[in-house]
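*Asks:* Take a look at the following structure, please.
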């Protein structure tokens, strides 16, 4: 049995994550768990019941992301086997698979370990999801230029340049301004509700806004696979009995 609509996977990602973030944001705001103006995405999934929804949907989203990363790896592997491409592409393809899986794992960690309950683990997940995710996007962008015109087009490739650069830029912006906001604030612990006028609020706002842009940059990057996946079909694995 084969699945002919593989390009639905990146489309599903482009819907799944925004729906998750918007749903938990609305619940968190209505319950007054966060301030309406750009809370951290993680803050919208910190308290119950939104934390339950956030964790479950991020787990499923992480699975989708890993699947897309694996399909992309297989697509490039097939391309490498049937075309003369630079020798480093095969190695980079394997590295990108590893970074893609690590980024997906990071998303799952972020959803399962809330910042109030396990901050070091939560931050590790965020670094994997966004930092390593940025590395994945950069490697794939480089590969995209090397395999053109066999696969892809220049417009999409340059869009990937912008999105991968945006991922890195706003990753460091999120982390840097978060640290600066914490140093400038009067809070000695993580706070989900920052009020306008509090010390460090402006820095906090830049950090949270950067995180939202960062997340949607990475989601948009994965969505750019849609057209290239249209030429693929996914055949289900076969299982054989091993009788003695």
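Heads up, the Cβ atoms here are built off N, Cα and C, so glycines get one too.
Residues or ranges marked as domain 'CWH43-like N-terminal' by TrEMBL: 7-231. Per TrEMBL, transmembrane segment is recorded for 7-30, 53-74, 95-113, 119-137, 158-181, 201-222.
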*Asks:* So, does the transmembrane segment (7-30) come close enough to the transmembrane segment (119-137) to give 3+ Cβ pairs below 8 Å, pairs being at least 6 apart in sequence?
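*Replies:* With fewer than 3 qualifying Cβ pairs, these stretches do not touch.
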*Asks:* On the 0 to 100 scale, where does the mean pLDDT of the domain 'CWH43-like N-terminal' (7-231) fall?
*Replies:* 92
